[in-house]
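Chemist: Dumping what TrEMBL says about this protein:
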- LYS233: active site, proton acceptor (ACT_SITE)
- GLY37, SER38, GLY39, ASN40, TRP41, GLY42, PHE68, PHE125, ALA181, ARG297, LYS326, GLN328: NAD(+) binding site (BINDING)
- LYS148, ARG297, ASN298: substrate binding site (BINDING)
- 9-24: compositional bias 'Polar residues' (COMPBIAS)
- 32-198: domain 'Glycerol-3-phosphate dehydrogenase NAD-dependent N-terminal' (DOMAIN)
- 222-370: domain 'Glycerol-3-phosphate dehydrogenase NAD-dependent C-terminal' (DOMAIN)
- 1-28: region 'Disordered' (REGION)
Amino acid sequence: MSPAMKAENQPQEELTSPENTISNDELHQKSKVTVVGSGNWGSVATKLIASNTLKLTSFHDEVRMWVFEETLPSGEKLSEVINKTNENVKYLPGIKLGKNVVADPDLENAVRDANMLVFVTPHQFMEGICRKLVGKIREDAEAISLIKGMEVKMEGPCMISTLITEQLGINCCVLMGANIAHEIAQEKFSEATVGYRTNRGIAEKWVRLFYTPYFIVSAVQDVEGVELCGTLKNVVAIGAGFVDGLEMGNNTKAAIMRIGLREMKAFSKLLFSSVKDSTFFESCGVADLITTCLGGRNRKVAEAFAKNGGKRSFDVLEAEMLQGQKLQGVSTAREVYEVLSHRGWLELFPLFTTVHEICIGHLPPTAIVEHSERAPKFSLVEGSAQYY
Ligand SMILES: NC(=O)C1=CN([C@@H]2O[C@H](COP(=O)(O)OP(=O)(O)OC[C@H]3O[C@@H](n4cnc5c(N)ncnc54)[C@H](O)[C@@H]3O)[C@@H](O)[C@H]2O)C=CC1
Ligand SMILES: O=C(CO)COP(=O)(O)O
């Protein structure tokens, strides 16, 4: 498609940036996008982006997608098959990514020319990836993280967007939402939330890159709130899966979701007093919690874990059931538990605590209801974190 035929057809009201904006020149320079990650969501995100870079004059058509290389049972390399068939046959079979997508197994080469970096790998791999990228990216690069998870360091919890900013020295927005990947691959309607720190203009640029008539994106100035919603709902989804495995019914599952949402909000506000209540009502908040507890992978594998009475480990079930895709909820439950125990907050978060203790076999799956409501319902804690 010739540049002249491309139209800036994204939500027009988003293009007028009030303050802290990037300049018109910057806005209209052609940006080059690389997606770091090519799993299930990584592939769908690449498809979304690639459909937009073809239409929008401010982006180069080509979208590079870094592939963690692997050899398929046929003996072929995954990246070569993606480039030959235009499909990620392992992580998103049956869906064309777009002719302008180039799969690249060389991380350094994949990011070299890009000034817009989209990070979308399972969170446990990001520290290693960042280490490899130090000094290899453009100085003017902007990043966005679609990764739901966090790291826990000696100093305390570290969100993935912060890891990216600290290790690579670049600004990092986040995009989270009720986004089960295979549904978006089929172009079923959904919404998402971009979280940004200060620069509204950059957030608008990310909105334009992702926005389609079936993928509605809005931006909020609450990067930590958005990212913590996406991260913590995976722990609640594990709890919801236990309820399903024990066949306890919809009311019980709704109760777990309600308690979980309350703990998500309290935990987020304890860590970051800037987190806004309104963020929990965006797609990244309650909507993502609902969809993940109904149809996500964390729910599905936790259901199998409970059905087996906790006798088969999550690692084994993940490998059997997900064919290379990765769970985030079990490791996030452990990371949250570490923060809670370190800060003396375990009793304030009975659901989060119980989910972890079930995952590691210290409690039976039935403890999900016996223990989750055991804490006193007080509203306290360092001023801002109130349960009610
Ligand atoms: N799948 C979904 O529906 C959604 C996922 N997310 C989030 O997006 C992030 C990425 O998830 P997916 O794209 O679904 O990935 P996935 O769950 O499909 O994970 C597999 C990916 O990890 C890669 N991988 C395996 N070992 C690796 C290593 N040692 N180093 C680097 N990469 C390695 C694989 O090559 C593959 O690309 C996660 O944080 C997830 O929570 C967010 C919204 C929806
Ligand atoms: O984050 C998701 C939906 O928004 C996907 O959740 P799962 O990883 O549990 O499938």
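Glycine is no exception: its Cβ is also placed from the backbone N, Cα and C atoms.
All annotation found in TrEMBL is predicted automatically rather than curated by experts.
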Chemist: Using DSSP, tally how many residues of the domain 'Glycerol-3-phosphate dehydrogenase NAD-dependent C-terminal' (222-370) sit in helix, strand and coil.
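Modeler: Its residues fall into 115 helix, 0 strand, 34 coil.
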Chemist: Any idea what the Cα distance is from GLY39 (NAD(+) binding site) over to the residue listed as 'active site, proton acceptor', rounded to a whole Å?
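Modeler: The separation of the Cα atoms works out to 20 Å.
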Chemist: In whole Å, how far is ASN298 (substrate binding site) from ALA181 (NAD(+) binding site) when you measure between their Cα atoms?
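Modeler: Approximately 13 Å lies between the Cα of ALA181 (NAD(+) binding site) and that of ASN298 (substrate binding site).
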Chemist: Taking every protein chain in this structure into account, which of the recorded positions LYS148, LYS233, ARG297, LYS326 has the most other Cβ atoms within 10 Å of its Cβ?
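Modeler: Comparing the recorded positions LYS148, LYS233, ARG297, LYS326, the most crowded Cβ belongs to LYS233.
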Chemist: Most Cβ neighbours within 10 Å: which of the binding-site residues TRP41, PHE68 is it?
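Modeler: Result of the Cβ crowding comparison: TRP41.
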Chemist: Secondary structure at ALA181 (NAD(+) binding site) (DSSP, helix/strand/coil)?
Modeler: helix
Chemist: Distance between ASN298 (substrate binding site) and TRP41 (NAD(+) binding site) at the Cα atoms, whole Å?
Modeler: 14
Chemist: Using a Cβ cut-off under 8 Å and a sequence separation of 6 or more, which residues in the same chain sit near GLY37 (NAD(+) binding site)?
Modeler: ALA45, MET65, TRP66, PHE68, VAL118, PHE119, VAL120, THR121, LEU146
